[in-house]
Amino acid sequence: MRPSSLLFLYLIFFHGFSPLVESSYLDYADALSKSILFFEGQRSGFLPQDQRIGWRGNSGLSDGWMYNTDLTGGYYDAGDNVKFGFPMAFTTTMLAWSVIEFGDLMPPNELRNALVAIRWATDYLLKTVSQPNRLFVQIGCVASLTRSMLPLKVGDPNIDHSCWERPEDMDTARSVYAVDAPNPASDVASETAAALAASSMAFRSVDAGYADTLLRNAVQVFQFADNFRGAYSDNAHIRDGACPFYCDFSGYQDELLWGAAWLRRASQDNSYLSYLENNGKTLGADDNINEFGWDNKHAGLNVLVSKEVLDGNMYTLESYKASADSFMCTLIPDSSSSHIEYTPGGLIYKPGGSNLQHATTISFILLVYAKYLDRTSQTVNCGNEFVSPVLLRMQAKKQVDYILGENPMGLSYMVGYSNYFPQRIHHRGSSLPSVKDHPGFIACKDGSIYFNSTNPNPNVLVGAIVGGPGEDDVYGDDRADFRKSEPTTYINAPFVGALAYFAANPNPS
């Protein structure tokens, strides 16, 4: 679809866009490669020699020093220089789930790159759940864990967000926020358990020793989560740093079920099956089932647990599958269920900003559920129609294609994909001169001229998916409009799995 004439002129003269005629061909393999490459642009720590995004440099090398703990590594969550444990763990879970379900469809080099992206996160997450002497990591001792500190976040977000500064130049406080037992952090701890358990499955066939380490630590950190129940952002010393950025808005209960579900899948331990059976009602498994993202795990949880029902006839978990079916029906415009909102151009839309996080997570679980249903030759009963796995895949494809350019603006919302993509993303490292081109220090407030500039970002963050258009399908390419122009790791992570599927199956059946 071509942009309207007025919009066309607006884009050319005010934003430097050159809209293209809609193409009937989308290169999913190229998009897959770039979606994984993006994570190298978000790296914190000492960068390896094979770093492919060359305008980035080392950063955050002193993280954790005030606790005599090495907390280097991991990912910056978005366009800032803060490492938030909650979204980073969810990002890791989704990358690992992408590999678990669709890694066999990836070219070998991209599977390797995906595993490297996961390990950059899991190596960091292992640090966040370890004592300085790492006794519980080595031994798997629950008692050691409950006496430990669970670092949740590195960097003061309020100070960081007031600066426009490259990560390589950071001179703001690198505060470490930690929760000590018996104070609760069930949400972050459970998501970390999910990330480590899922990642253990991704690494099982290529590095069994590392997989064992991940799973052992997942068990330990889930015990921390379950023994000391509550939301991490309810802790007074955490609240001001976490909120409003990554407050736990939906409650910690869904993360407990999510963590248990991943531990069940990774370990096949029946104690986690019992946990899901016995705690589903009390922890609200039937609540808010039409959401899935870094804060609310319900829709993904129900799809994940449904595999037990479909593959193993675990009818004690039937309520999870019923909720998964119900959610799928809301995505089908012709079904009789109440529907999720779509933009006029066909994009899933939920208010609140960074809307493409919903499109990528939902696309992914559509494809996963279709896979589970296909394996057992089942459909979804939506009342007035039976929805097949093919139809679920087609719904996912519409979202993926929209993101890649088949939308009313003819714009790819993935940076560096096609010739027409956002030029002014809300991202410090991308918008400031690189340390290679400008080795001199750029201080906190000195970056303001680059933030306020109307010029395109000098460094292309290849593969980054921005927050996306509004409910009217319009995107203005405004660096200051962070709700639309800021990329995040948790937008990209589930898209890796979706692209892996469509790269191998461009015309799903």
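Quick reminder: no glycine exception, Cβ is built from N, Cα and C everywhere.
Taken from TrEMBL, the feature signal peptide applies to 1-23. The domain 'Glycoside hydrolase family 9' feature in TrEMBL is assigned to 28-499. Residues annotated as active site in TrEMBL: His426, Asp477, Glu486.
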Around the C-beta of Asp477 (active site), how many further C-beta atoms are within 10 angstroms, looking at every protein chain?
22
Taking only the CA atoms, the spacing between Glu486 (active site) and Asp477 (active site), expressed in whole angstrom, is 10
For His426 (active site), write down the residues of its own chain that are at least 6 apart in sequence and whose Cβ falls under 8 Å from its Cβ; none is a fine answer.
Gly79, Val466, Arg479, Ala480, Asp481, Phe482, Ser485, Glu486
At a 10 Å cut-off from the C-beta of Glu486 (active site), count the other C-beta atoms across all protein chains.
21
So what's the mean pLDDT when you look at the domain 'Glycoside hydrolase family 9' (28-499)?
89
